[in-house]
Amino acid sequence: MSFIHVDKNSDFPIQNLPYGIFSTCDEPRRRVGVAIGEQILDLSVIRHLFTGPFLSSNQDVFNQPTFNKFMALGHNAWTEVRHFLQKLLSMPEPLLKDNKELREKAFVLQSKAILHLPADIGDYTDFYSSKDHATNVGIMFRGKDNALMPNWLHLPVGYHGRASSVVVSGTPIRRPRGQIRPNDDQPPIFEASKLLDIELEMAFFVGPGNNLGNPIPIHKAHEHIFGMVLMNDWSARDIQKWEYVPLGPFLSKNFGTTISPWIVPMEALMPFVLPNPVQSCHSKNEKPCIASMNHNTTLGPRG
């Protein structure tokens, strides 16, 4: 239990502690924080408290406008920080709880914070990893008899997305214009998409990478995956249907990809993992890695 009040229905209990980048009207400097209840703990204010073996010489990673430098430290550093934060915010720990001056500087109400993109995104790969989704889109474009392509069961189908158009939740998205072919007997026309679609997905931030030509073994993948956000993979289906053969989507998906501002650490999801589904691919992940999560989407008018 935390000494910070957390409502029983809150998305931000001490077991979660997601990371985010925020600013305020009084302090426009972007800084790193952790959500707990209705508060944000400003890690730049308490960075001097991180004295563990991995963070004692890397405290400056919490004085940055993004999480890139922290993510680059790797799995052991992430674990050290998470365990320290859970202890620091726990009811029995006096280090922050009993330091009124530091506590008043370190906590910011979420309602007063402006949330930003949590990292500089240098690359972004969009995977086609849900069998149900792949089948549904296949039916949309090719019909039921040719819905799921043969390679889907054997390899991770994916393509490189437009990293520069990944934006944080709340950023307006402009309806794209492009070539569509509403009538197969007529040439394509150029106009605004009439079939703008959403895809509720999960996206993962990767920390340390690999040297060129040295792939990461599947059994070590968990050491490189920092955490998860929700993602809306906006898709202009009428543009996509005309352009995607033979090399896949391009303008139909490059106009915007929305992610949630809070990165949930992978360790927070581990209590909810399920046995892996049966895999037909050559390289298999034997370590359970799929968490049980239910997501809902609600559409409503602006405001």
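Every residue gets a Cβ built from N, Cα and C, even glycine.
Summarising the annotation, TrEMBL assigns active site, proton acceptor to His133. When secondary structure is read from DSSP and collapsed to three states, His133 (active site, proton acceptor) falls in the helix class. Within 10 Å of the C-beta of His133 (active site, proton acceptor) we count 14 further C-beta atoms, all protein chains included.
If you look up TrEMBL, you'll see Asp126, Glu199, Glu201 marked as Ca(2+) binding site. Using a 10 Å Cβ-Cβ cutoff, Glu201 (Ca(2+) binding site) registers 18 neighbours.
The substrate binding site annotation in TrEMBL covers Tyr128, Arg142, Gln240, Tyr244. Same-chain residues at least 6 positions away in sequence with a Cβ under 8 Å from that of Tyr244 (substrate binding site) are, in sequence order, Phe141, Phe250, Ser252.
Summarising the environment of Lys253 (Mg(2+) binding site), the number of other Cβ atoms within 10 Å of its Cβ, over all protein chains shown, is 24. Annotation comment: TrEMBL describes Asp233, Lys253, Thr257 as Mg(2+) binding site.
Per-residue confidence over the domain 'Fumarylacetoacetase N-terminal' (15-118) averages 98 (mean pLDDT, predicted model). What TrEMBL records for 15-118 is domain 'Fumarylacetoacetase N-terminal'.
For 125-269, the entry in TrEMBL reads domain 'Fumarylacetoacetase-like C-terminal'.
Under DSSP, Arg142 (substrate binding site) is assigned to a helix (H, G or I) in the three-state scheme. DSSP gives Asp233 (Mg(2+) binding site) a coil state; it is part of no helix or strand. With DSSP classes pooled into helix, strand and coil, the tally for the domain 'Fumarylacetoacetase-like C-terminal' (125-269) is 39 helix, 42 strand, 64 coil. Around the Cβ of Asp233 (Mg(2+) binding site), 19 further Cβ atoms fall within 10 Å across all displayed protein chains. In this structure, the C-alpha atom of Thr257 (Mg(2+) binding site) lies 25 angstrom from that of Arg142 (substrate binding site). Residues Tyr128, Arg142, Gln240, Tyr244, recorded as contacting substrate, have a largest CA-CA distance of 16 Å. Taking the centroid of the Cβ atoms of Asp233, Lys253, Thr257 as the Mg(2+) site, the other same-chain residues with Cβ within 8 Å of it are Asp126, Gly161, Arg162, Glu199, Met231, Asn232, Trp234, Ser235, Asn254, Gly256.
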